[in-house]
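What follows is one structure encoded as structure tokens, with my remarks underneath.
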Amino acid sequence: MGGKAQNGEDEARGKVLSSLPPSLVPYAELMRVHRPLGYYLNTSPYVVGVVFGAAVAPTKLPATILLDRLLILVLWSLFLRSAGCVWNDVIDMDLDRQIARTRLRPLPRGAVSSWNAVMLTAGIFACGGSLLSFLPRECAIEALIEIFFALLYPFGKRFTDFPQLILVNIGWAIPMSMHSLGLDPLAYKKPTFFMFLFIALVIVMIDVVYSRQDTEEDMKVGVKSMAVRFKHSIELLSYAFFYASTGALLAAGYYSGLGIPFTVLSVGGHFGGFLYFLKTTGVGKAPQVESYAKLACLIASLFWVVGLFVEYYLRV
């Protein structure tokens, strides 16, 4: 089963990359266009943030406004994710050469120069930044915070056992999405805090589980991570993040005054989707972790959004 799943993933990646001109393939690899999991994880918080903002806003927001903000923020998240991946490979090139799963990436194998990769990073960030002119000023400040942590992240694994905590910054998608709708997150302090915390816990949980597949090699080359630090209690840690994220989502709904649709669909979908992920992967032991993570994230995020959308739709 695991071998078939892995072969399926490799085939899908091959189809994506083979559809591009050969000269662009290494750059597409740097941007991880063939690895949709990261795009799910970076895009879904903005989608959730917009629908969450719509569900808690004092008046019912026009659907056209929501769709406009969704388009801009989803595009921003794609640029942010792509630039972060390229930058990560620039900083990690010496480490990637020593790890089996990463040693054939474009920079370690010499398909792209470091200078070109740095220029690509800057260009992608610039393209993403151009979108911010269509959003309120507060969104630009939050985007700068996200960029700062995206640039910082690859250094974390060299100096701390907790680099995954830097990924907490992805939770900034919630206040940024609310600001894009003209809402002040500070006017909804508890709901915003718990939704931010929810997103942060989910992202860290997935990254910790995903990192487990590299634990042995990471230890050999000196890469630090929570998966390495807690290698003997990774199941306990992962389930702690899972239950804490469920509690945070419940709290966000409670303090927002959201009702049964949110609790049943958003919270229930999250609980079922990621419990399935942890069980089927053995908390990162199974070889098809990425495949199950994509499925769990897709299912759970759909339920997050559907529950919030129903709450928005039912408003008078």
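Each position is counted from 1, following the chain as shown.
The backbone N, Cα and C atoms fix where each Cβ goes, glycine too.
Record features, source Swiss-Prot:
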- 47-67: transmembrane segment (TRANSMEM)
- 71-91: transmembrane segment (TRANSMEM)
- 115-135: transmembrane segment (TRANSMEM)
- 139-159: transmembrane segment (TRANSMEM)
- 162-182: transmembrane segment (TRANSMEM)
- 191-211: transmembrane segment (TRANSMEM)
- 234-254: transmembrane segment (TRANSMEM)
- 258-278: transmembrane segment (TRANSMEM)
- 294-314: transmembrane segment (TRANSMEM)
Problem - Same-chain residues at least 6 beyond the ends of the transmembrane segment (71-91) whose Cβ lies under 8 Å from its Cβ atoms - result: 30-33, 38-39, 42-43, 45-47, 49-50, 105-107, 114, 117-118, 120-121, 124-125, 127-128, 131-132, 134-135, 143, 146-147, 150-151, 153-155, 173, 176-177, 180
Handout entry: Same-chain residue ranges lying at least 6 outside the transmembrane segment (191-211) that approach it to Cβ under 8 Å
Key = 41, 45, 48-49, 52, 56, 164-165, 167-168, 170-175, 178, 185, 218, 225-228, 234, 237-238, 241-242, 244-245, 248-249, 251-252, 255-256, 270, 274, 277-278, 281, 283-284, 289-290, 293, 297
Exercise for the section: Please work out which recorded stretch in 47-67, 115-135, 234-254, 258-278, 294-314 has the most C-beta pairs separated by under 8 angstroms from the transmembrane segment (162-182)? Expected result: 47-67
Completion exercise
Outside the transmembrane segment (47-67), at least 6 residues beyond either end, the same-chain residues with a Cβ under 8 Å of its Cβ set are 73-74, 173-178, 180-181, 183, 188, 191, 195, 199, 252, 256-258, 262, 301, 304-305, 308-309, 311-312, 315-316
